[in-house]
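Encoded as structure tokens, the structure appears first; notes follow it.
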Amino acid sequence: MKMNEKVILHDMSLRDGMHAKQHQISINQMISAATAMDEAGIPLIEVTHGDGLGGASLNYGFPAHSDEEYLSAVIPKMKQAKVSALLLPGIGTVDHLNMAKDLGVSTIRVATHCTEADISQQHIDHASKLGLDTVGFLMMAHMASVDKIVEQAKLMVSYGANCVYCTDSAGYMLPDEVSLKISALRDTLPSSIDIGFHGHHNLALGVANSVAAIQSGARRIDGSVAGLGAGAGNTPLEVLVAVMNRMEIQSGIDLYKIMDIAEDIIVPMMDQPIRVDRDSLTLGYAGVYSSFLLFAKRAEAKYGISARDVLVELGKRGTVGGQEDMIEDLALSMSKLCK
């Protein structure tokens with residue numbers, strides 16, 4: 001993209017941040033953070049369970065409030081920001097889509113594993129027909145070749161998506177790979193289709209990868225204020241805004257205000273520091289889905305097996321988002337082998 005075009009920054013702290021909070025963000029915290037982001041000029045804010053609409057379950061975790069309660073509380077408070085919702089086919093349904101639309105959600109992001117775009121057809125088609133900003137979200141994009149990512153993106157566009165994301169769910173990708181995949185998407189898809197990038201900070205490359213994506217043609221970039229998100233967190237938005245200001249890339253976001261939100265609102269919400277520790281670093285190194293981190297830590301406490309060893313084995317097995325139930329089974333099996 002041209003560097004004088006505005007980049008749309010999309011906050012994840014109230015959705016991906018749910019993973020770090022075990023889905024226990026209160027309504028008051030949600031409103032406080034969202035209204036401050038709105039005032040700072042953040043144009044898009046994602047609000048749902050960490051695993052998207054309908055994610056409340058024994059497998060993924062029960063939230064403090066329902067998606068409907070969160071969306072009903074936040075959307076009427078917004079003055080300029082729009083609210084998005086994530087949906088994973090097999091977790092979220094068309095009924096959830098209709099509910100989100102009725103409550104005022106403007107953007108639906110339909111997420112699949114990077115080789116399974118075909119399961120998104122029903123949801124993307126329905127969201128598009130509802131008149132929503134409809135995004136295809138290819139997760140764990142490091143696990144597929146450039147050609148496969150392009151192939152899957154074309155499927156999502158054919159279903160009705162007006163934007164497709166290359167999603168580094170594991171925080172595994174290096175800037176060269178980001179540039180290669182984003183460039184291929186931009187060169188192949190129609191100019192009317194936006195390209196997006198979603199990064200995690202497990203190798204401390206969230207900002208660098210996001211800049212590489214922008215320089216390669218991405219117009220939408222995800223991040224979280226103070227990095228609040230799964231693993232070592234998402235790309236920290238306040239840092240990205242500062243870097244973009246230095247590079248004279250427009251975002252429309254007030255840097256000082258977003259810095260203050262990070263320090264005064266988001267950091268006090270954290271149950272533990274969002275940082276690159278040995279376990280989150282292992283996520284990035286082994287290419288493991290970032291939301292597996294707390295599941296692995298809980299398994300470590302329960303079975304006495306190193307979370308790091310569990311994560312490495314999950315990486316070897318090529319596990320993907322949605323297979324959280326395998327983590328405890330694996331830890332139990334590993335603990336028996338150690339006895």
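In case you wondered, yes, glycine gets a Cβ from its N, Cα and C as well.
Taken from Swiss-Prot as is:
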- His19: active site, proton acceptor (ACT_SITE)
- Arg15, Asp16, Ser169, His198, Tyr289: substrate binding site (BINDING)
- Asp16, His198, His200: Mn(2+) binding site (BINDING)
- 7-259: domain 'Pyruvate carboxyltransferase' (DOMAIN)
- Arg15: site 'Transition state stabilizer' (SITE)
Sequence gap of 6 or more, C-beta under 8 Å: which same-chain residues meet both conditions with respect to His19 (active site, proton acceptor)?
Gly50, Gly229, Ala230, Ser290, Ser291, Leu293, Leu294
Other than its own, how many Cβ atoms are within 10 Å of the Cβ belonging to His200 (Mn(2+) binding site)?
33
Recorded substrate site residues Arg15, Asp16, Ser169, His198, Tyr289, farthest C-alpha pair in Å:
15
Once the DSSP letters are reduced so that anything not helix or strand counts as coil, what is His19 (active site, proton acceptor)?
helix
If you take the centroid of the Cβ atoms of Asp16, His198, His200, the listed Mn(2+) site, which other residues of that chain have their Cβ within 8 Å of it?
Met12, Thr167, Asp168, Ser169, Gly171, Gly199, Asp222, Ser224, Gly229, Ala230, Asn234, Thr235, Ser290
Starting from the Cβ centroid of Arg15, Asp16, Ser169, His198, Tyr289, which together make up the recorded substrate site, report each further residue of the same chain whose Cβ lies within 8 Å of that point, ordered by sequence.
Met12, His19, Met139, Thr167, His200, Asp222, Gly229, Ala230, Asn234, Ser290, Ser291, Gly321
Tell me the coarse DSSP state (helix, strand, coil) of His198 (substrate binding site).
strand
Quick one: pull the CA-CA distance for Asp16 (substrate binding site) versus His200 (Mn(2+) binding site), whole Å only.
10
Rounded to a whole angstrom, what is the C-alpha distance between Arg15 (substrate binding site) and His200 (Mn(2+) binding site)?
14
Can you give the mean pLDDT for the domain 'Pyruvate carboxyltransferase' (7-259), rounded to a whole number?
97
Do me a favour and check the Cα-Cα span between His200 (Mn(2+) binding site) and Tyr289 (substrate binding site); whole Å is fine.
10
